[in-house]
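Under the heading domain 'Obg', Swiss-Prot lists 2-160, citing sequence analysis as support. According to Swiss-Prot, the domain 'OBG-type G' annotation covers 161-338, on the basis of sequence analysis. Feature annotation from Swiss-Prot assigns GTP binding site to 167-174, 192-196, 214-217, 284-287, 319-321. Residues or ranges marked as Mg(2+) binding site in Swiss-Prot: 174, 194. Look at Swiss-Prot and you will find 359-437 tagged as domain 'OCT', backed by sequence analysis.
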């Protein structure tokens, strides 16, 4: 878990499907009742649901494992087991769910009451009523329930704010937020006072409002993890308008123009799309005696750097301490929000390319063969292991069915071509049997 409670690593395991039953009708006046074993019920899935009342991932610090319930077993008289209820896990709005191993984004949960099954429950095993044929009207075959999906997930929470305040530490972002909104951030005259994003609702005129977030201070190298690092930049991705706060006083001994360039370089290095957002320069602490002169120097350097062909960005002179210049800043910010659509976190073209690429990948082989240290053979792979788990070895016909499935998959032929001989041990998970050529 990160310092800012915006990431969490958890395990989700869906419920196993219920086992199918091997049973026969044994009723008076029904001498040839036939099979009557019902199917097992579906295992419970683990479903994430957006909860607008949550604002952090704090709950996942203490509860990291979420398990769905198994489905009921099949019963006699063809009765199927009851499916298990899904496990609903509430997450904050704005949570991004990633596969911890691959880093792939599974879902971006941004809509109210949005749901997504992060781990699907296993299907119930079929009872012997499903395997009756004219050649075998009374089969002693049933399947075990399919195991539920088991995943390690990485959760990331980005602040859902319309406007983000960015700038170096101690330039007055927290003070500014406190006087224009209902937020009450911690304020202090030292670096990194803000270590988590503070959010406030800003009212503009009658009925207009927007959410503003005081993003923790950035430093040079933040995109590669320097200082409090990349954690800060993650929070900026969802904002639509950036207010770049600069300290025009001499209290910190900083150069506003160098600060301005450094912060924008960090934003661009982390994600090029951050620079597509409208950005207003907020010249703060203009109540200080030397502020006007430093602002003039800043404008001169910026104009020289941009050249005659580029338009100067908007600059608003304010003082968070004396509350001057804020109404004009907020009104202009509200106008920009009305003109600016939401930004996608992930490029749709890139996702489309990935989808096309994966669509043409060769189908994964149903099994792999390797050698153990003692010379035995080991079979592995999702498909063959799933068949193994779903085979009920208490019944000879089920074992024979599993042997036929392996033969159809080409297991016997592959082992033979690799040099397996009569009497060699072949293992699947913890099960061991002898190879017969």
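The backbone N, Cα and C atoms fix where each Cβ goes, glycine too.
Feature annotations (Swiss-Prot) mapped to structure.
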residue : record           : DSSP class
167     : GTP binding site : coil
173     : GTP binding site : helix
285     : GTP binding site : coil
319     : GTP binding site : strand
*Over all shown protein chains, what is the count of other CB atoms within 10 A of the CB belonging to residue 174 (Mg(2+) binding site)?*
24
*Judged by the number of other CB atoms within 10 angstroms, which among 173, 285 is the least packed of the binding-site residues?*
285
_I'd like to know the mean pLDDT over the domain 'Obg' (2-160)._
88
*DSSP-assigned states of the domain 'OCT' (359-437) in counts, ordered helix, strand, coil*: 30 helix, 17 strand, 32 coil
*Could you round the CA separation between residue 319 (GTP binding site) and residue 174 (Mg(2+) binding site) to a whole angstrom and send it over?*
12
